[in-house]
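Sharing a structure here in structure tokens format.
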Amino acid sequence: MDEIEKGIFVSKDIERRDGKPADYKVGIPGKLELHILAVVITELCERYTFYGNTMMLPAYFLINLNLPRSQVVVRTKAFSFMAYGSTILGSIIADQWLGKFKTLLYFSLLYFFGTVLTTISSVSFGSAESRKILFYFALYPMVALGTGGIKGNVSSFVGDQVHTDYQATGTPGVYRDPGKTIEKCYRYFYWAINMGALLGMIACPLIVKHSDYPFGFMSTSIVLAFAIVIYFSARKRYTIIVPKMSPIAKVSQCVRYALKNKDSRHAYWLDAARGVENTCWDDRFVDGLASTIRCLKVFAFFPAYWLLYNNITDNIILQAMRMRVPRWIDASQLNLLVQIAIIILIPIYDKFTERVLNKRNVRYGPIKRITTGFIVIIVAYVYMIFLQKKIYSTGPYYDFTGNGANKESFNDIAVWWQIPIYILIGSSEVFTSVTGLEYAFSQAPEELKSIMAAAYQFTNCCGSLLGLILYKLTEDPTIMYLYIGETSVMVVVAIVFWFMFRRFDTK
């Protein structure tokens, strides 16, 4: 029996020009090892904490802190803005100084102490104003910043744990393909994200309903503490990449050289940086930098998607509070249908859809997947506009501008009308957001993976910023025009995106 049949042959022995083994015929994803699963479980717990907090915030701001609806939207979007805006800071700290492992650990501890303080601030003691100040201090500089430091690094860190070589199976010509393993890793990583979010969305509102906010916030602290223990326990098995030269400095030097030396001989301006000796970069880095720039162009269209998506944490919950909600469920809990849709659809895509497409040699590349997600969320918003009109056409308060309406008033229309919105938004996330994470990791050179992951997360921050700018339109009845405007913009974005980047799927 030769080495291929024994299953011990790997690609570094004999390679084709594309880096694959000489007898490569079919690639299959490899298994996810235990330390990879430790990172996945850690992220599941972190998402429980984040989404558990996110689900509690609108009602906490509205009822306990007595804020008007527009200010609830402002503070909720500000939390999301800070959480995803600080991803860049986390990635820079990891890539230039601490490395991903230590950065994740330290930001997790900051995050944990923030959740402890939100718990303390929600207990009735001292003056209401002092508790409010403590709550804001814990929520924004600690919980939001801790989230950003984790989100800026965890997706690239889990990718670092996947083997980069082609490993033979017992069947000649069939190899465990690192590219397919990365895709599988990110699908289940994203599955864990949404399972954690689902659990947080179910548990935290129920805990608040049957106990009170201190116990709801306390549950997030306990789960996050468990996550830190799991993450730290696998430290000896992780692939830890020690930062060397600052990647930002490396990019800066490479770009400056290319701009200074470009001329008509170069088909692409970065080509001027190729083949240069005695520099901190090589041609492989230049190739990766070119891919990174293409990736950033793709990401420039994501803020419009997140503008629509992020309404699930505030405006859509507030819409539910204007509808008839059964006593046994909280208005925010329909949000969990997003996570249920993702949890169901990701394994289906992994086990069935991808196999069918592969057998028929159909390439369903990242640009097609992202565009599909854009289209699905547009359909969700067309339905939401219809629903908002139906709410305003139903009594007793209609558009809530008269008849003694207040912030707790609702019309006689069942909240179950919202179900298609959540399912469609969750379905869009399977195509758009999962692909974005995978695309960020696969397109960037090794030194820039954290920064690229953070750049992708930063698009969510930009979406939240757009939402903050539009907050004055979130009151009744102007929110109807907000939904129409956002949907119209998304239609234009989807069309332009497809025609600009559809050729990228062939590269």
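Cβ atoms here come from the backbone N, Cα and C positions, even for glycine.
Per TrEMBL, the features are:
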| type | residues | note |
| --- | --- | --- |
| TRANSMEM | 79-98 | transmembrane segment |
| TRANSMEM | 104-126 | transmembrane segment |
| TRANSMEM | 133-150 | transmembrane segment |
| TRANSMEM | 188-208 | transmembrane segment |
| TRANSMEM | 215-234 | transmembrane segment |
| TRANSMEM | 331-349 | transmembrane segment |
| TRANSMEM | 370-387 | transmembrane segment |
| TRANSMEM | 419-441 | transmembrane segment |
| TRANSMEM | 453-473 | transmembrane segment |
| TRANSMEM | 479-501 | transmembrane segment |
Counting Cβ pairs under 8 Å to the transmembrane segment (104-126), which of 79-98, 370-387, 419-441 comes out on top?
79-98
Could you tell me what the rest of the chain brings near the transmembrane segment (133-150), counting residues at least six beyond its ends with Cβ under 8 Å?
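46, 50, 53, 65, 78-79, 82-87, 89-90, 93, 103-104, 106-118, 120-122, 457.
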Cβ pairs under 8 Å only, please: of the recorded stretches 188-208, 370-387, 419-441, 453-473, which one is richest in them relative to the transmembrane segment (479-501)?
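By Cβ pairs under 8 Å, 370-387 leads among 188-208, 370-387, 419-441, 453-473.
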How about long-range neighbours of the transmembrane segment (188-208): same chain, 6 or more residues beyond its ends, C-beta under 8 Å?
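Non-local partners: 32, 39-41, 43-53, 55-56, 59, 155, 158, 215-216, 219-220, 223, 330, 332-333, 335-336, 338-340, 342-343, 346-347, 350, 426, 429, 433-434, 437.
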